[in-house]
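The next block holds one structure in the form of structure tokens; read it before the comments.
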Amino acid sequence: MTQLKLEAIADGQEVFLFDKSLISPGAKTYAENGLVGKEDRGPPLALPPRPAVNTTSSLSDRFMTHSDWTQKCLLVGKDCGNRVNELHMSINIIKRGLKTSLEHMMRHSQGLKKSFDSKVDFAVDLDQNMQATGEWEVYLEKVKKIELLPAFREQGEGRDRLSSWIDESVIRKANKQCSEFDQKIQNNISHLVKVVNEVIERSTRLEQDAMAMASKDAESDVPAEATSRHVRELLQDLTALANKIQRDSESIGGVSEQTAVRIENLHKREFFPQIEATVNELIGIHEEWQKAKVKCQNLAIGYLSTLSHIQYDTSMVRPELQKLTMLLQTTEDLRATVAQVIDLPFLYGALIIETVRRNHWTGYIRENVSQTAESLATKRLDEIKRRKKWKNHYGKILPKVVDIINEDIAEIEVNFVSGEVNGDGDASSTDSDQVQAYIKLLTSLGLREAAEELEQEHQSMLSQLESDIADKNLAKLETTKQSDHHTDTSSPAKVFKSGTLAEAYTDENAALTAKLKGYESRIRILEDLLHKQQFRGESTRSEANRRSASRDKSHSPGSPRMIERLHFLETQKSNDSKIIAQLEQEKRELAESLSAKELALKDVMTVKSDLLANMLSQETEFIQERKAHHEEVNELKSRIDELELDLDRADEKLQLENDQLREEVDSYKEKIEQLEQENSNLKQQEEKLHKKIEYYDTRTRDLSQRLFTGFKRSCEVLESMGLQVTKEMDGNLITFKVNRVRGLGRRSSAARSEILEQSLEENGNGNMVSNPTLNEATPEDLRVLYWMDGEPDEERYREFINEIYIDYDIFRDSACKRLRDVEHLARKLQKESKHLRERKTQIEEELQSRLSLRSFKVGDLALFLPTRDPTRVPNPWAAFNVNAPHYFLKQEDSHQLSNREYLVGRITHIEERVVNKSLDNDEDNPFDLSDGLRWYLLDAVPAEW
């Protein structure tokens, strides 16, 4: 899974979004978040209650109630169908998203595997190459024995050896670093092998689990299409029943009451149960698919969470792979540096071979350039002469045309510049013998492989040179033949485009010679035809004579056709004779003309030899001057073109700027109007902002007071727990401490009690109760509290913030620690109290089992004995005591005192009495005690032992 980038989304592209808080590494599990398995949006689905039977309402009202109920049931059913369809879509989206995520993960995992395998292969090849370069010191000793050719030597002492081309210290350092990096590479690869294999294994296992779960769900779950079809059938049935009940409700007014009652009973007996069953079935289908969605969510998020952990591990591996790549590349560079010692003999030999090849090429090019320069110079002189001759011949007839024609002749320069000189000698002196000598030297030093490779390179170079020379000679020969053919068939008008006057005469003579040869060939053909015709005529005449003789014997003695044929042949023969004579005359004229032209050609060649000396000296000056003029003209033309382009661009730019300025002026006018409108709006907003500022100022003061009060309350809370807050300021650093002070809680409680009593007294006197925290505040605290009074000051604000600053972590830890201490003390006291209660109970039980002698109270166990006063009937019983007389038992029948010698009973009630003989009441003094004596009447029950 990757982060979404809006600019990377194409039109019509599907995007699957996942909640990062559910599946990211380190986050809560999906069960702990409580975000999976929630109910779908919308009210809960439930069957509407069946309408109650009301016999007092009319039939039409009852039918309308039934119709409304069925419509509600229909709405519930449709809602179930819609929600089931939404659940189908949600499950499908979850499965597709999970599938896409797994495919994306596998692509990344396979890419990681391929990348790592390529790094491993590279490391293996690097290790093999490093083993091959292990004997670089042996090769270095051999390189020191190889002397450089003079063409490749540099100035300085010790520069005549091939080893001077490398730095031995750099090679040693590179070899040492290469060994160190190789060990690091092995360690990194051994570590990455485990990590990458684990990632691949986890990815494969996750994909297999997901595929197995998908196949299992596909086998066990009901197909969505079948469920959708079944839901549609149920909705159709439900719709039909609802429509039937609605139609009956609408038509109930046109039927009799008996029929209406029968229809109502039919609805209740058949339709209502069917509707309820259908709706309940739809609700059940919805619940099943909702459970399926929750199950799918749980599985998908579980897989995605595992996938996210795998990708997180993958992201941690990639930097290590990049580090390994850089390490491999660095090691390869170092190995290449060390391998220079081994490859240097071969490379030096390849350099010598390439130098030999270049020398051959340079010689060939130098020869061709020389020949080309001579040929072009000759042709240019011939062209100058030809133009002069043409001008002399046609200048008087067409003077204007001659003036119009450009007399400039194209300049031809062919130069060969060779600068292949290197070191103390000339590289052009290197030849194949030196290559063979170097190969033999390598063989003697034991470098047979390099020698064999150089031998192959040398032979291949020689073969290539021979092939190139043969191809170039063949191409040159074909070009020469084509040029000759072109010269022979060209018209006289094309001759004057280039070349000299002598060449023009030569070409014209060649053309006449060719024409003469054509005529001679034509004459020979005509003679041959004439000879053949004569032979055919004789044979024809002999045959005709034989035929005529035979025909004369059988026919008439004459043949007009043969006579006509003979006359035609004689006429043709005479014509051919005339043509032959004419051609012979033309031949003689051409021969005379040829001899005249040959004489003229000799004169021209003589003039040519005289003029060449003068023209060659002037030609160089004209060429240089014309070249300078051409360069100046070309520079001026290019400058004019540049200036014209700059002028056009400047005009376009000015026009564009003018248009832009007009647009800007118009836009500025519009902006001014908008700004004026905005200004008026801003004034209104300013008034509103002033009101808001006053409002927020009031709120800020209220918040400041509340924060200050909260700070004081927090301090009081700590003081009530026996803790005291101390703050130390060190610049912008505040040190917040909470210390334990013994007795502080009692003092703060007493102080608050006094303040509360004072406030209550003031309230009783009619004064308004103020904030006790503000009353306790000192003037310095109040000064900090009203930091907003006057002009805003950052220092006063900082003082206020520092004043109310509380380190809630320390506050929480101190309060929790104090509460834990109190809880510990409370538990300790509870244990002691429990122990004391148990002790008390034990003592009470012990006391309850002991007889009381010195004092009596309710619940005590007392021993009652009969007194020795036989005059009293019944005989009074008194409690056995020590210094606690006059405690008498109130006798009851349940005591059965007549059968007892003593009674051990538990006191249930004690009645205190005082003797007053003035009342003369026997009940007040039943035991004849002295006046004013205090005595006690005890109610007791026999004790159980």
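Even glycines carry a Cβ here, placed using N, Cα and C.
Range annotated as coiled coil by TrEMBL, chosen from 278-305, 390-417, 502-529: 502-529.
Looking at 742-776, 812-846, the range tied to coiled coil in TrEMBL is 812-846. Looking at 111-145, 566-600, 881-915, the range tied to coiled coil in TrEMBL is 566-600.
Secondary structure of the domain 'Autophagy-related protein 11 C-terminal' (815-941) per DSSP (helix as H, G, I; strand as E, B; remaining residues coil): 40 helix, 33 strand, 54 coil.
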